[in-house]
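Here is what Swiss-Prot says about this protein:
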{"type": "SIGNAL", "residues": "1-21", "note": "signal peptide"}
{"type": "TOPO_DOM", "residues": "22-257", "note": "topological domain 'Extracellular'"}
{"type": "DOMAIN", "residues": "34-178", "note": "domain 'FZ'"}
{"type": "CARBOHYD", "residues": "Asn126", "note": "N-linked glycosylation site"}
{"type": "CARBOHYD", "residues": "Asn168", "note": "N-linked glycosylation site"}
{"type": "CARBOHYD", "residues": "Asn215", "note": "N-linked glycosylation site"}
{"type": "CARBOHYD", "residues": "Asn243", "note": "N-linked glycosylation site"}
{"type": "CARBOHYD", "residues": "Asn254", "note": "N-linked glycosylation site"}
{"type": "TRANSMEM", "residues": "258-278", "note": "transmembrane segment"}
{"type": "TOPO_DOM", "residues": "279-287", "note": "topological domain 'Cytoplasmic'"}
{"type": "TRANSMEM", "residues": "288-308", "note": "transmembrane segment"}
{"type": "TOPO_DOM", "residues": "309-335", "note": "topological domain 'Extracellular'"}
{"type": "TRANSMEM", "residues": "336-356", "note": "transmembrane segment"}
{"type": "TOPO_DOM", "residues": "357-368", "note": "topological domain 'Cytoplasmic'"}
{"type": "TRANSMEM", "residues": "369-389", "note": "transmembrane segment"}
{"type": "TOPO_DOM", "residues": "390-410", "note": "topological domain 'Extracellular'"}
{"type": "TRANSMEM", "residues": "411-431", "note": "transmembrane segment"}
{"type": "TOPO_DOM", "residues": "432-454", "note": "topological domain 'Cytoplasmic'"}
{"type": "TRANSMEM", "residues": "455-475", "note": "transmembrane segment"}
{"type": "TOPO_DOM", "residues": "476-513", "note": "topological domain 'Extracellular'"}
{"type": "TRANSMEM", "residues": "514-534", "note": "transmembrane segment"}
{"type": "TOPO_DOM", "residues": "535-634", "note": "topological domain 'Cytoplasmic'"}
{"type": "REGION", "residues": "560-624", "note": "region 'Disordered'"}
{"type": "COMPBIAS", "residues": "572-592", "note": "compositional bias 'Low complexity'"}
{"type": "COMPBIAS", "residues": "609-622", "note": "compositional bias 'Low complexity'"}
Amino acid sequence: MINKFKFYLIFLKLILILVNCQNSLNDYGFGIVDESSICTSYIGDELCKNRLSNSESIYTTPGGGGGGGIDKLSQISTLPILQKGFQSLTFSQGICKDLNFIEFGMCDSALSPCIETTPKITPGYNISLPQRVCKSVCERMLIGCPQLAIQIDCSISFLFPKIGTFYNLTKYGYTANGGMYMVPCIDTEINYEKNKVQENVGFLESCPYPLLLKNSTDPQYAEKRGYTYLTPTNCVLPCPIPNYTKRQMDSVINMSKAMSSISFVLSLFNVITFGLLIKKKSKYNVCIALMAIGSSFIYLSDIINYGVGIEKQLCPEPGRVATQRVDSLCGFTGSIFHIGITLCVLWSMTMGIVLYSKIKQFKLPNFRYFLIGNLSFTVVTLIILASAKKFQGGNGFLECWMRDRWYVVAIFWIPCGIALLLGVLSICGVIFEIYKISKNVSLKDSKVVIRELKPFVLVVTVSASLIYLFVFYFDSESKYDFYKKGVEDYILCLLTSENPLDECYTVGPNFNSYFMFYFLIRFFGILFFGIFGTSEIARNAWTESFFVTKIKSKISITTVSSSTRGGGGDTSGIKSSSSSSNSGVCNNNNSTRKNYGDDFNSKNLSQPDNTIITNNNNNDNNNKMEIELDSIDI
C-alpha cells in the first residue's frame with residue numbers, strides 16, 4: 001500500500017515537471033537561422049531615429065550592392081511599412097493612448113536589434129540573430145491601442161517571446177544546451193523611458209501622400225491663413241481638394257475659361273448698348289445695363305484668375321488656399337465677384353418687379369429708390385466682408401469669395417433669397433397676366449406677346465438659375481456631415497492604396513450638379529446678349545450711334561464727290577434722293593418714338609386691366625395698346 005502511494009507521488013511529480021517544462025517552453029520562441037543576414041547600423045531615417053534600442057546593430061538582409069558596399073534592403077523595404085503604421089497611429093490620436101511608446105515598440109519590432117555570435121560559440125562562423133521584442137511590450141501596445149489587435153498577435157512566441165528565442169546552431173558547431181542558442185528578448189520600455197527624457201523624443205506624426213504635415217501651433221501655418229487641418233492631426237488637405245478626377249476638373253476649368261471670356265465680351269457689349277448708346281433711359285434699360293455690369297464683374301474675376309493661373313491664384317502654396325489675410329489678389333477678385341453676383345441677383349428681382357408693375361399698371365415708388373437700395377446693399381455688404389477679411393479661396397471652388405458659413409448665409413443668401421422670392425412672385429404674376437392677355441390676341445398680332453416674352457424669358461431664366469444656385473448651396477451645406485465622413489474614407493483609402501492619386505477621392509457634390517453650378521453662372525452673359533444684344537433696339541442703337549453715323553457720313557460724301565467728278569451732270573436727283581432718304585429716317589424715328597411709349601403714356605394708363613390688348617382688326621388701335629416696357633421712364 002505504501003509502495004503504491006509512493007508510485008502515485010512520483011507520477012504526480014513527473015506530471016508537474018512536464019507541465020512546468022511545457023510552460024517554460026511557452027515562454028520562448030524558436031527562430032530560424034538565415035545565413036545571409038548580417039548586423040549593420042541603422043540607415044538613419046527620421047522615422048525611427050532615437051527610437052531604436054540599438055541603432056548601431058540592426059538585423060539586416062543584404063542585397064547585391066556593387067563595389068563591396070552593403071545594400072540594406074531589409075531596412076529600406078521595411079521603412080514604408082513602418083511609415084504606414086505611423087500614419088495609422090496619426091489618425092488614431094482620438095482613439096488610442098500611449099502612442100509614443102507604440103512607435104518605439106513598432107520600430108524595435110520591425111528593425112530588430114541584432115546579436116552576432118563569436119567564434120567561441122560558433123567556431124568558424126559569424127551568425128547574425130535578431131533580438132525579438134518581449135511579449136510584455138506587445139501587450140502594452142495593445143492596451144494603449146486595442147485596434148492594433150487586428151494586425152498584431154502577441155501570442156505568437158516566435159515574434160513576441162516572453163523571455164527569449166532559441167536558435168538551433170548545432171550545424172555551426174554550437175554544442176551547449178543541445179545546440180539550442182538562446183537570444184533574450186528586448187524590453188523596449190527601458191529604451192523608451194531613457195530616450196523620452198534624455199532625447200526629448202515625442203510622438204511623431206506622419207501624413208499619407210498627398211496630405212501635408214504642418215505645425216498648427218505655428219502662426220505661419222495657422223488655419224486662418226488657409227490651411228485645412230484634419231483634426232486632431234496636423235495633417236492638412238491638399239489644395240485643390242480632390243473631390244473629382246483630374247479629367248473632370250479640367251473639363252470644368254476649360255468650360256469656365258471659354259464661357260467667361262465670351263460672356264465678358266458680350267456683357268460689355270450690353271453695357272455699352274443699354275448704358276451708353278441708348279439715349280432715352282428707361283427703368284427697363286437701366287435694369288439691363290446694371291445686370292450686364294454685374295455679370296461683367298463676375299467674368300472679370302474669372303479672367304484675372306485664369307490670367308494669373310487658376311491653381312497659383314487659388315492655391316498659392318501646397319496645402320494652402322488663398323485668403324484675403326495673406327493674398328491681396330484674392331481679396332480683390334473676391335470683391336469683384338461679390339459685386340457682380342449681388343448686382344445680378346438684385347437687378348433680376350428689380351426687373352421682375354418692373355415687368356409685373358407694367359403688366360398690372362400700378363405705380364412703383366420712385367425708381368431712384370431701387371438704384372440707391374441695390375447699390376447701397378452691394379457696397380455695405382462688400383465693406384463688411386472686406387473689413388472682416390472673409391474673402392478666401394475654397395477647396396473645390398473656382399473663385400475667391402466668402403467661405404464662412406454664417407457670413408454667407410446672413411450677408412448673401414438670406415437677403416438675396418428674399419430678393420429671389422420677390423422676383424419669383426413677380427414672375428408668377430407676369431405668367432398669369434400674359435396667359436390672360438394671350439387669349440385675347442389674334443394670330444397676326446401675336447408679335448406683341450412675343451416681344452413681351454423676351455424680358456420675361458430673361459428674368460425667368462436668370463431667376464431659375466439663381467434658385468438653382470441657392471438650392472445647390474444649401475443642399476451641399478445640408479450634406480456637410482456626409483462629406484466629412486467621406487474624408488474619413490478618403491484617409492482610409494490613402495492608408496491602404498498603392499496608387500492614391502488615381503484611386504482616392506474625397507466626397508463632394510455630384511459632379512453634374514457641380515458642373516451645372518458653374519455653367520449657369522458663366523452662361524448669364526451669353527443669355528443677356530442672345531435676348532437683348534441682338535434685339536432691334538440694340539441694332540438701332542448701334543446704327544444710330546456716333547461712330548456708325550460718322551462712318552456713313554464719310555462714305556456718303558465720298559460717293560457724292562466721286563459722282564460729281566465723274567459725270568459733271570445734274571445732281572438734283574441725288575439731292576432729291578438724299579432728301580427723301582432723310583425724310584424716311586425722320587419718319588422712321590417718329591414711328592419708333594410712337595411705338596416706344598409716347599402714345600402709351602397718354603392713353604394706355606387709363607385703360608382697365610382687361611382691355612390692355614383687345615382683339616381688334618384695327619392695327620393702329622392695337623399699336624396704342626401694346627405693352628412696351630422701354631417707355632417706362634425713370
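Cβ atoms here come from the backbone N, Cα and C positions, even for glycine.
Where Swiss-Prot records a feature, it is marked here on the structure.
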residue : record                      : DSSP (3 states)
Asn126  : N-linked glycosylation site : coil
Asn168  : N-linked glycosylation site : strand
Asn215  : N-linked glycosylation site : coil
Asn243  : N-linked glycosylation site : coil
Asn254  : N-linked glycosylation site : helix
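Counting residues of the topological domain 'Cytoplasmic' (357-368) by DSSP class, helix then strand then coil, yields 6 helix, 0 strand, 6 coil. The CA atom of Asn126 (N-linked glycosylation site) is located 66 Å away from the CA atom of Asn254 (N-linked glycosylation site). Packing against the transmembrane segment (369-389) from elsewhere in the chain are residues 286, 290, 323-325, 331, 334-335, 338-339, 342-343, 346-347, 350, 402, 407, 411-412, 415: each is 6 or more residues past its ends and has a CB under 8 Å from a CB in it. Proximity of Asn215 (N-linked glycosylation site) to non-local residues of its own chain (separation of 6 or more, Cβ distance below 8 Å) is seen for Tyr221, Asn234, given in sequence order. The highest tally of CB pairs under 8 A with the transmembrane segment (336-356), across 258-278, 288-308, 455-475, 514-534, is held by 288-308.
Residues in the topological domain 'Extracellular' (309-335) partition by DSSP class (helix H, G, I; strand E, B; coil) as 13 helix, 3 strand, 11 coil. Same-chain residues lying 6+ beyond the ends of the topological domain 'Extracellular' (476-513) with a Cβ under 8 Å from its Cβ atoms: 84, 87-88, 91, 208-211, 230, 237, 241-245, 248, 396, 405. Here the glycosylation sites are Asn126, Asn168, Asn243, Asn254; the one with the fewest Cβ atoms within 10 Å of its Cβ is Asn254.
Residue counts for the topological domain 'Extracellular' (390-410) under DSSP (helix as H, G, I; strand as E, B; rest coil) come to 6 helix, 4 strand, 11 coil. Of the two recorded stretches, the transmembrane segment (258-278) does not lie close to the transmembrane segment (455-475), with fewer than three CB pairs under 8 Å once pairs fewer than 6 apart in sequence are set aside. Broken down by DSSP into helix, strand and coil, the topological domain 'Extracellular' (476-513) contains 27 helix, 0 strand, 11 coil. The topological domain 'Cytoplasmic' (357-368) scores a mean pLDDT of 85 in the predicted structure. Sequence-distant contacts of the transmembrane segment (514-534) (same chain, six or more residues past either end, CB-CB distance under 8 Å): 243-244, 251-252, 255-256, 259-260, 262-267, 269-270, 273-274, 288, 291-292, 295-296, 298-299, 302, 341, 344, 396, 398, 454-455, 457-458, 461-462, 465, 468-469, 472, 508. In this structure the C-alpha atoms belonging to Asn243 (N-linked glycosylation site) and Asn254 (N-linked glycosylation site) are separated by 17 Å. Note: the domain 'FZ' (34-178) comprises 51 helix, 21 strand, 73 coil (DSSP; helix = H, G, I, strand = E, B). Within its own chain, the topological domain 'Extracellular' (309-335) is flanked in space by residues 211-212, 214, 224-228, 236-240, 253, 301, 382, 385-386, 389-395, 397-402, which lie at least six positions past its ends and keep a Cβ under 8 Å from the stretch. Comparing Asn168 (N-linked glycosylation site) with Asn254 (N-linked glycosylation site), their Cα atoms are 68 Å apart once rounded.
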